[in-house]
Amino acid sequence: MATENVQQKKIKSVVIISKVYKRPLSSAIKEIAQKFSSYGVKVYIDANTQVGFNLPDLECISRRDMRDVDLIIVVGGDGSVLGVARTLVDLKVPVLGVNRGHLGLLTDVSPSNLDENIKKIVNGEYTLEERTMIDVIVSRHSEDGVGEMVGHSLATNETVIHSGTIAHMMVLKVSIGDKYMYTIRGDGIIINTPTGSTAYSLSAGGSIIEPHLDLLSLVPMFPHSLNCSPIIIPGKSEIKIEFECPDDLPELIAINCDGQVTMRADTKCTVTIRQHQIPLTLMHPHGYDYYSLLRKKLGWGKSLV
């Protein structure tokens, strides 16, 4: 849910985080720090970012202490925002993405409008938007029926459950809550949030979902069936994925979260997906328009030739 275009609190402190890319971003980080400082905003830098870009002049702050700042600024691409969300969402600090990557659906501040948007943010001219995140839990049940968690990760976009090998069919039993939904045969399944509906899910034939909606989507990957379509379910649903083992011999599976974290398990395990209790809060300067962003980034309405 996004706040209305009303005056928000003025930003007094920020912390800058960036991946240490092969191409230099130190000049961009320095520029952002200087512009915020010129408005009297206290600027910190993440320890890894400081060391990676050799920026000793910016004051370092630990990730534990970031809960006391007003804003986390992520310099990079959408992947950088996904990484920060997974590790820092529980701090409940808003995140602003400054695009130095490619697509930029989560990093809506660009170099061309940096000055204008920093001024808006400092003056409280911004909206806050909550984005659903999911917990992905891998568990193994012993012979006495007791479940043991063997893997856990958060995801902002999606989790992809697959065999870990190319073009290898697997059999998945899918339940929603305590209700059995279906058994599918295919390469795997994507479970995505509304934020992830413009990512891997879209490439696999899933629907675009407005990010403020409380929904999740299940998209089968290359199902061995003509009647196994993507489905959208309530966001509070708990999804359980179990596996059928040929000849009762377990096979390896991979559970990938946001294309960044991969958990390895086997078909004797169960994967449970549920909404994370704390949403990711994104900050948008006034003037942010989701449909305009989609038109620009996805090329809606443009000629094919």
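Cβ atoms here come from the backbone N, Cα and C positions, even for glycine.
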Report task. Check TrEMBL: it lists Asp78, Gly79, Asn157, Glu158, Arg185, Asp187, Thr198, Ala199, Tyr200, Ser201, Leu202, Ser203, Gln260 as binding NAD(+). Then name which of His168, His276 it lists for that same site. Result -> His168
Query - C-beta crowding around His168 (NAD(+) binding site), within 10 angstroms - result: 13
Query raised in the report: Tell me, how many other CB atoms lie within 10 A of the CB of Ser203 (NAD(+) binding site), whichever protein chain they belong to?
Result: 10
Query raised in the report: Which has the fewest other Cβ atoms within 10 Å: Asp78, Asp187, the binding-site residues listed?
Result: Asp187
**Report entry** Residues Asp78, Gly79, Asn157, Glu158, His168, Arg185, Asp187, Thr198, Ala199, Tyr200, Ser201, Leu202, Ser203, Gln260 [recorded NAD(+) binders]: greatest CA to CA distance in Å
**Finding:** 32
Query raised in the report: Around Asn157 (NAD(+) binding site), which residues of its chain at least 6 apart sit with Cβ under 8 Å of its Cβ?
Result: Leu82, Asn192, Thr193, Thr195, Gly196, Ala199, Tyr200, Asp258, Gly259
Report task. Check each residue in the chain of Ser201 (NAD(+) binding site) that is at least six apart in sequence and keep those whose C-beta is under 8 Å from its C-beta; list them in sequence order. Result -> Glu158, Ile190, Asn192, Ser217, Val219, Pro230
